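For reference, the structure discussed in these notes is given below.
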Amino acid sequence: MLTIFPFLEWMCMYRLKDWLLGDLLAGISVGLVQVPQGLTLSLLARQLIPPLNIAYAAFCSSVIYVIFGSCHQMSIGSFFLVSALLINVLKISPLNNGHLVMGSFLKDEFSAPSYLMGYNKSLSVVATTTFLTGIIQLIMGVLGLGFIATYLPESAMSAYLAAVALHIMLSQLTCIFGIMISFHAGPISFFYDIINYCVALPKANSTSILLFLTVVVALRINKCIRISFNQYPIEFPMELFLIIGFTVIGNKITMATETSQTLIDMIPYSFLFPVTPDFSVLPKIILQAISLSLVSSFLLVFLGKKIASLHNYSVNSNQDLIAIGLCNVVSSFFRSCVFTGAVARTIIQDKSGGRQQFASLVGAGVMLLLMVKMGHFFYALPNAVLAGIILSNVVPYLETISNLPSLWRQDQYDCALWMMTFSSSIFLGLDIGLIISVVSAFFITSVRSHRAKILLLGQIPNTNIYRSVNDYREIITIPGVKIFQCCSSITFVNVYYLKHKLLKEVGMVRVPLKEEEIFSLFNSSDTSLQGEKICRCFCNCDDLEPLPRILYTERFENKLDPDASSVNLIHCSHFESVNTSQTASEDQVPYTVSSMSQKNQGQQYEEVEKVWLPNNSSRNSSPGLPDVAESQGRRSLIPYSDASLLPSVHTIILDFSMVHYVDSQGLVVLRQICNAFRNANILILIAGCHSSLFCTGITLPDHITKCQQLSLNSLSRLPSFHLQHIF
């Protein structure tokens, strides 16, 4: 119940004494700002919608979002960038030979019956588009498609909101300079509008510029004024006083500046009664409705997540999609345009001390009351004052541009995604930019998962701590053992990169099997497999598991000598002293490996490990393998020989402590890798494997708990541990 109706939760937890004043001031400020914004919407959206229709639709939408919405500071209403996308819809039924689309409104032509019929047709198209947009958003919310927003990182949302802020600033230049230009729609429209502004700049109104600068300076000074009410800081409601003050001055004094009076006088109707949309035009507006639904939905979700992160709470994206879908369905009956989260008013509501959706409810009531009873009083408010209020509140969203150098140093992938999202939203528009942002995020995520981070670990001298060999200069490695740490899940995307990394570090290459060898694998019998003897030492070690029958299509060979196999050492013992070695079997030859460790105060510490190689090659070599054990055993008799200090790799350890998922394809390739390395006499062991990975089909021995609990801190005593491989 609380998920479907989030308002029940905040109503029960509402702090009346602490939050009431802030919500009242924020609601009144938002309501006063929404009145002139609704009056100037027709100028920016290129659609002469009656102001009262916009007011009633905004009021109903605000009430719906208060009931179903999850963002506490969100203000729902018309947003000119979303409404500007309706220009492509208006081309279906061009009004007055394109004068409405190009921005040249001619009131005298409303007397013509054909013009009035075209005007009604355009309103019907807008209403149907809004209705279809709401239906699509409802379907997205019911199907749970809001999860897509969770895959977009913070950098993508910040870049998109920064591009939105720039589009808002560009649109307000009309009100700042008091000039009219022909807005463009589609790709590169941002730069076309800049060129049109530069051409029309000589006709700028100096009074509008002066009023704009006055408002900006007043709001800048207001940033230093704070009101504390019950230990909750509230920003002084300067927007409230600016709107009321300049509205009174505009009604008393005639100022040579642009107002909404001229635009309102051109609208033939003051109010149109609600009607059902015209469903006959649905096939013509499907693509435009999909574009509008995506832009308005993700703008609402991005803005909600941004505001929620500032106040340490979370929003439900699916619930917000359902809420905004209901808002657009209801507003379509009033022949209004598509509604979404109003960026400027949401920021004003947040900065003015709004804590819950009660502020939105107050703002909607104030807006409707003023539009019905005192709407004509705000006709004299200069548009430059409203532009100054809007720009002062959206400028903070551009601060992320100055943080690009630090973002590049922190994460180059996120910085690239930021620049790609921002540039595409500016050059190609918000609709195409949003699609490119989502695709880029998925692409970068795939690239990062493909380039999984795999570290080669070594031991810090005189400790049982293992770290990356690239991070520490004094790292030493266990002779004949390679330790790899996988820092991400293993999937079909990166498992082949893991395979390439293992082969590169071990110094081997993969050689595809011939058809005869593959055929012999299929026809090999169980008796022949049981007859094969695995080379092992004569110490007290547990028996190895039988070789798994896993098909493979390649074998691994050394790069320098393809005919030579790895040293035939799989399990061995670790002896602590020289005396212990004297009790060993006579068939074993000691092989000493010395590694120089860290120098400390002029002293050298030396770690000596003794492992044992088989002396009898006929007993310790498996059938079909080259006879190299004898030569290696004879070479080990040379004391302190340089060649003896470089043992071959006989064991690979995979640290899976950071791996939480292995898909089916990754599991198959891992099995093939283990089998191919085993045939090259290299044993692969897995440490730190989480129990959840065992559900993917890995066959385990009975004593798997020991394998699970084995940590990398015990690798220095690896030969004396009973560590079994699981493949």
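Note that Cβ sites are derived from N, Cα and C of the backbone, with glycine treated the same way.
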Listed as N-linked glycosylation site by Swiss-Prot, one of Asn120, Asn205: Asn120
One side of the membrane in Swiss-Prot: Tyr14 and Ile673: no
The topological domain 'Cytoplasmic' (305-360), counted residue by residue under DSSP: helix, strand, coil: 35 helix, 3 strand, 18 coil
Arithmetic mean of per-residue pLDDT over the domain 'STAS' (471-722): 57
Composition by DSSP (helix, strand, coil) of residues within the topological domain 'Cytoplasmic' (152-160): 7 helix, 0 strand, 2 coil
Residues that sit under 8 angstroms from Asn120 (N-linked glycosylation site) by C-beta distance, when 6+ apart in the chain: none
Stretch with greatest number of CB pairs under 8 Å, the transmembrane segment (384-404) reference, 131-151, 161-181, 425-445 candidates: 161-181
